[in-house]
Each structure stands twice: as structure tokens, then as C-alpha cells.
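Scroll down for the structure; my scribbles are underneath it.
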Amino acid sequence: MTQNRVRTVFLLAHTGRPAAIRSAELVVKGLLRAGIGVRVLEAEARDLPLPGEVELVGEATPQCLDGCELLIVLGGDGTLLRGAEFARASGVPMLGVNLGRVGFLAEAERDDLDKVVDRVVNRAYEVEERMTVDVVVHRNGDIVHTDWALNEAAVQKAGAEKLLEVVLEIDGRPVTGFGCDGIVLSTPTGSTAYAFSAGGPVVWPEVEALLMVPISAHALFAKPLVTSPDSVLAVEVLPHVPPGVLWCDGRRTVELPPGARVEVRRGAVPVRLARLHHASFTDRLVAKFALPVSGWRGAPH
């Protein structure tokens, strides 16, 4: 007779936040009480009041999630994007609990922790896939860097003194060129992040598209562009101008020398997110940005 394998959840927390420490303690106790194993990074465990039953792993690699059914992330947007790196590399769904400000990637708030534990215990969640982008940097015809992003790849000026001089390209054809502070190349998920701050449109997650949003461009035609999800977007840094810098999800960066070319296309590997309820993205948008909807009556019945 084969023995049933113990269910295991990986917990990732921003241990610099007192709220994360308290939240982690509640989640761990609730899961262990239900007979679900919990795995935590050793470096984070030092800052958390964890019982001895918690499994500790020393190295932060995708393999540390082997055998886990879920990745629970406690923190703000930065911690959630860190969790997304683990989720993408391992294929394990991520369930985010927001301890920061907006937290569009999060599925629950700190006050919902009891519900989160209950839903995980009963497997009462669904998994959806979010589109990513793959990023390639070329220099003199050679590939010099590859990366990916869940929210956006941002090409920005490296210094404050001068504008970044670029030419934009879509599907192998030039579109326009100008001096700017940068260009945000975004997914629909990222449309409520940096692209939103740069004046880009909000795109519902179920809409498949790529966005190209200029940042403070010195040009008459500098509007946000929305393309097919199968388009290839490119930004070329002009030769003989100051260098730029590439940021992926605001976490990973590489310098872009003059003449560098950044290509962005639909990612081969999505990020899987665990969802606890069927709230529409419209309701999520209203709640996250505290949008005024008083006076709304709705369609007549």
C-alpha cells in the first residue's frame, strides 16, 4: 500500500516588514494544523518565529519548490515580483497576499489570512496563466543579454543630464524616433504598473496584447501603442549617444551601450497565479485605486 505524500506549500515573505512576520506566523500555524507541510528559505527563517516542523532550504533556486503545490508570497509588489521569478522557473502557482500599497498581483489582503489558509487547505482556488515577455539585447549583431518580465521591460536613460535617443520598431518596421526618458514595453499585467505611471492605458488581463509606452518623450508623436501579442517590439539606442539601461520588472538591470538593440516578444513561459474568487478585474481596479463610483445605478432590469 503506497503512503500518501504530504502536501507542501512554499512560503516567501518580506521579513523586513513586521506585518509580514506576523502574517507568516499565522499562515504557518494554520497550514501545519491542517497537516500541510511548509517550506521556507533558511535566510528568511532566521527572522521568522517558526516552529521546528517547518522545512528549511538553504539555496534560493527553482528546485527548492520541487514537490510544492503552491507558493504563498507575503509582501508588497517587489516581493510579489520576486515570487513571480520562482513561480515562472518552477511552474508552481503563486498566491500573493498584499502587505504593501496597491498590490495588483496579490489575490488577498492581510485581513484575509484565515480565508487564505482555509482555501489552500481545501484546494478551493483556481489557477490562471499570465502572459510574460522574453527580452533579448543585441550589440553589433550579437546577443549579449537575455531576460524576461511579467510586468515590463523598461529601456531608460542611464543619467539625468541628457535624453535617451531611440528609434522604435514594430514587426521589423521603424515607427518613430525621439529623445525621451525611456520606453516601457509592457504586458497587460504590467499595464497597471510602470506603464500606467507613464500614461499608458489599462489593459484587462484577459486581453492579449503588448504595450509600448514612451516616458516623457520630446516629440509630437509619442503616444502609447498597443500591438498584437504576437508582434515583436524593438527599441534601438542610437549610436554616438549616452548609454541607456534596461530594467526588467524593476528588479534586474543591464547597461545598454550606444547602438544596443532591445527586442521584446511574447514570453515562452507564463507565470501561474492562484485565484481565490471570481471578482472581475473592473471591481479589482476600482478597489485598488479607490476609484469614485458613487452615483452609479447600473443597467435597468
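Cβ atoms here come from the backbone N, Cα and C positions, even for glycine.
The active site, proton acceptor annotation in Swiss-Prot covers Asp77. Other Cβ atoms within 10 Å of the Cβ of Asp77 (active site, proton acceptor) number 20 in total over all chains.
Annotated NAD(+) binding site per Swiss-Prot: Asp77, Gly78, Arg82, Asn151, Glu152, Lys162, Asp181, Thr192, Ala193, Tyr194, Ala195, Phe196, Ser197, in sequence order. In this structure, Asp77 (active site, proton acceptor) is part of a helix by DSSP.
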Listed in sequence order, residues with CB under 8 A of Asp181 (NAD(+) binding site) and six or more positions away: Gln156, Lys157, Leu163, Leu164, Ile215, Ser216, Ala217
Taking residues Asp77, Gly78, Arg82, Asn151, Glu152, Lys162, Asp181, Thr192, Ala193, Tyr194, Ala195, Phe196, Ser197, which bind NAD(+) in the record, the widest Cα spacing (Å, whole number): 31
